[in-house]
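Below are the features listed in Swiss-Prot for this protein:
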- 1-73: region 'Disordered' (REGION)
- 14-23: compositional bias 'Basic and acidic residues' (COMPBIAS)
- 23-39: coiled coil (COILED)
- THR103: phosphothreonine (MOD_RES)
- 117-149: zinc finger (ZN_FING)
- CYS128, CYS131, HIS144, CYS149: Zn(2+) 2 binding site (BINDING)
Amino acid sequence: MVEKKPAVRSQDPGQRRVLDRAARQRRINRQLEALENDNFQDDPHAGLPQLGKRLPQFDDDADTGKKKKKTRGDHFKLRFRKNFQALLEEQNLSASEGPNYLTACAGPPSRPQRPFCAVCGFPSPYTCVSCGARYCTVRCLGTHQETRCLKWTV
């Protein structure tokens, strides 16, 4: 009879990596930076030749009805569009008395943070030892360890 090999994941729960609070925070910051850099998009018209031809529109709108005529203001808004970093730098250079994007913030919460399960969203009394994510039941813990623990979707 052929012996079955045990699954690598279920060999020994003591072999799972345990991260301290600082390592968890570094991991979360690295994941957030990767998300910030992930969706960066350049101008889709940048590589196309401009020989007086009309450039294609890369809009996802599927309007088959009447088309709205673009006004001159819309033309300049589309042509001289700025990215988020350029808008922040412009706002920092202009002196304004009121709160801006960098100075506006909410005060600390008056109540403690409510812990919710990372898998199903219900209130969770337990925390994963390895990564610090919350879970509510053994079933959610199993799902978390199989699919999410120490991966990009904590």
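Cβ atoms are placed via backbone N, Cα and C, with glycine included.
How buried are these features, and what lies next to them?
Under 8 Å, Cβ to Cβ, and six or more positions away along its own chain, THR103 (phosphothreonine) finds no residue.
Other Cβ atoms within 10 Å of the Cβ of CYS131 (Zn(2+) 2 binding site) number 22 in total over all chains. For the recorded site, CYS131 (Zn(2+) 2 binding site), the DSSP three-state label reads coil.
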Within the coiled coil (23-39) only, compute the mean pLDDT.
81
